[in-house]
Amino acid sequence: MRLALIGLGAINRAVAAGMAGQAEMVALTRSGAEAPGVMAVSDLSALRVFAPDLVVEAAGHGAARAYLPGLLAAGIDVLMASVGVLADPETEAAFRAAPAHGAQLTIPAGAIGGLDLLAALPKDSLRAVRYTGVKPPAAWAGSPAADGRDLSALDGPVTLFEGTARQAALRFPNNANVAATLALAGAGFDRTEARLVADPDAAGNGHAYDVISDTAEMTFSVRARPSDTPGTSATTAMSLLRAIRNRDAAWVV
Ligand SMILES: NC(=O)C1=CN([C@@H]2O[C@H](COP(=O)(O)OP(=O)(O)OC[C@H]3O[C@@H](n4cnc5c(N)ncnc54)[C@H](OP(=O)(O)O)[C@@H]3O)[C@@H](O)[C@H]2O)C=CC1
Ligand SMILES: O=C([O-])CC(=O)C(=O)O
């Protein structure tokens, strides 16, 4: 398999380590970063010359918006981590219009799970989908939630945001991609509720959601170890690796 990674931070370094020896890999970053078994490429045209079977994006909303529609339009399959960028209607339209020659965009579960069942439920049967993300203060560094507030001095949990998944995904590009993924799998960006919490006592990154539908009620909850980037759960790279491996698998579970 030939993999082109966009971004080589916490997620894609773990993806590269997981695919070592099983894929030829290049990476596109602004700094020209490399990793064991991964050669840096300087720009998008060098990435395309590599002729990847799959592009794996884990570089942030700006990179996803700038690169991915063009790659899909060139007939290249894409697996994206920065799902929240699709909360912007113009960007979503560009992604939906782009794929050519059967190119496919894969949106992995990322740091959450249970999406197989949620996505199987008929959309018009969904009555409520409510997501809560709880992370330690360090995970919110650099986010608008920290604006003017010393999160390191918190002595208890604080709700930083409550609103729709669309608002959350756009305001918190590094922490609410899962809210966007949940919205796309379920009730949509404007009918999925999101709450984001900083908790000094949180033992890891927590994601929980409740679904009420005509057919079923479900609850999902996970608490995961953070990766080298505090706001990114270690499970995210594992989810991307599963999606990559499923491409070649005889059995997909
Ligand atoms: N779906 C999900 O569940 C989750 C999704 N995410 C998404 O994944 C993204 C990556 O997460 P993570 O690995 O933790 O982030 P990191 O900050 O650890 O790494 C980001 C990487 O992207 C590169 N990068 C940034 N901007 C660009 C650009 N314009 N072009 C090319 N490379 C770029 C950076 O390198 P350089 O600075 O050298 O360019 C760096 O290598 C997040 O920003 C978020 O959008 C994160 C967590 C969960
Ligand atoms: O990795 C996580 O815990 C989730 C995350 O940052 C995101 O959804 O952007």
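Every residue, even glycine, has its Cβ placed from backbone N, Cα and C.
Here is what TrEMBL says about this protein:
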- 8-106: domain 'Aspartate/homoserine dehydrogenase NAD-binding' (DOMAIN)
- Ala111, Asn177: NAD(+) binding site (BINDING)
- 155-240: domain 'Aspartate dehydrogenase' (DOMAIN)
- His207: active site (ACT_SITE)
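Shown here: features listed in TrEMBL, placed on the structure.
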| residue | record | CB count, 10 Å |
| --- | --- | --- |
| Ala111 | NAD(+) binding site | 27 |
| Asn177 | NAD(+) binding site | 29 |
| His207 | active site | 24 |
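The distance from the Cα of Ala111 (NAD(+) binding site) to the Cα of His207 (active site) comes to 8 Å. Of the recorded residues, His207 (active site) and Asn177 (NAD(+) binding site) place their C-alpha atoms 11 Å from one another.
For the domain 'Aspartate/homoserine dehydrogenase NAD-binding' (8-106), the mean pLDDT of the prediction comes to 97. Taken residue by residue with DSSP, Ala111 (NAD(+) binding site) is part of neither helix nor strand, so it is coil. Look at Asn177 (NAD(+) binding site): DSSP puts it in a helix.
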